[in-house]
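**Q** Before I ask anything, here is the structure I am working with.
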Amino acid sequence: MSSRILLSGLVGLGAGTGLTYLLLNKRSPGQVIESPYPITQKSNGKIQPHSFKVDPSGFFKYGFPGPIHDLQTREEFISCYNRQTQNPYWVLEHITPESMAARIADRKNSFFREDEVIPEKFRGKLSDYFRSGYDRGHQAPAADAKFSQQAMNDTFYLCNICPQVGGGFNRDYWAHLEYFCRGLTKKYQSVRIVTGPLYLPKKDPADNKFKITYEVIGNPPSIAVPTHFFKLIVAESPTNNPTREDIAVAAFVLPNEPISNETKLTDFEVPVDALERSTGLEFLQKVPLLKKKALCKEVNCQIVVRDFSNAAIKPSKDLKLLPPPKNAD
Ligand SMILES: *[C@@H]1O[C@H](CO)[C@@H](O)[C@H](O)[C@H]1NC(C)=O
Ligand SMILES: *[C@@H]1O[C@H](CO)[C@@H](O)[C@H](O)[C@H]1NC(C)=O
């Protein structure tokens, strides 16, 4: 019984590398795990002994290269910043029926701001967005932080902002999704939402290979334009008996492009596992499977189409409910 898959054996005599790459696919107890790294072999098959040591970690005496995930805790959200893409990895926020009911802050008093906490050379600049053609898209929405002007101001820091397509997306479908999230506080006592960018591969018709391509805006080009955005929603209603509490979960991934109002929200729902694979993040791993319920089985996951184009000035009266999805259960 072989527990190893020989990915590429001593192939390529011409190449003369003589390297064996092993991938362990199954480990039985007590089994000696062989190094997955190349091993120098003599022609008789014996491993070459050597008397010297190499010390890669000695590099750290010059300084640890990172990555450094700038974590910032604000009143309504916590953000984790990616210095390479100059976008957040994720922004998580908390909304409740009470926080939604308190309407103190006014968006007119808030202005977009560069984040002084991020070192200058990694910091997204307001000028990078200028004439880029993209909106400065909130990850934690300003409208979720109306309970205090300070909290709302914070949402305008660029650590909470990604370049988003404006018409048809940020000002339309994405805004409808944010509105849907706020509506969940009518049913649940506590709603936590993780929002962030994605850079997903797409098949290139020229050669049928999967590639990730995204625009980079700014001068010099520095802020990545995500291909997609995700929202992971976790809703709960705490009781006196925490051991019996379930959480209602849904994850959505939307393309950063105009989306027709007729598209069903459930078309964008993805398994949390798939979201983890594409973000490299881990979500809800401390919650037993049985305690994770499907949000879209508890509520009707659909958007309400409103005109948000002048929402900053006055709420729209144009409120129209989309018909429920045909195959809704
Ligand atoms: C919010 O931001 C505006 C504009 O920078 C500023 O004038 C105001 O004092 C801020 N409010 C709070 C409470 O921080
Ligand atoms: C969706 O509907 C709103 C409100 O009627 C409208 O302003 C918007 O342009 C529509 N979005 C798209 C992508 O057609």
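Including glycine, each Cβ sits where the backbone N, Cα and C put it.
From TrEMBL, here are the annotated features:
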type	residues	note
DOMAIN	73-290	domain 'DNA/RNA non-specific endonuclease/pyrophosphatase/phosphodiesterase'
DOMAIN	74-290	domain 'ENPP1-3/EXOG-like endonuclease/phosphodiesterase'
ACT_SITE	H138	active site, proton acceptor
BINDING	N170	Mg(2+) binding site
**Q** Hey, does DSSP put N170 (Mg(2+) binding site) in a helix, a strand, or just coil?
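**A** Its secondary structure by DSSP: helix.
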**Q** Hey, how far is the residue listed as 'Mg(2+) binding site' from the residue listed as 'active site, proton acceptor', Cα to Cα, in Å?
**A** 9
**Q** Considering every residue in the domain 'DNA/RNA non-specific endonuclease/pyrophosphatase/phosphodiesterase' (73-290), what is the mean pLDDT value?
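**A** Summarising the domain 'DNA/RNA non-specific endonuclease/pyrophosphatase/phosphodiesterase' (73-290) by its mean pLDDT gives 96.
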**Q** Relative to the Cβ of the residue listed as 'active site, proton acceptor', which residues of the same chain, six or more apart in sequence, are found under 8 Å away?
**A** T155, F156, N160, I161
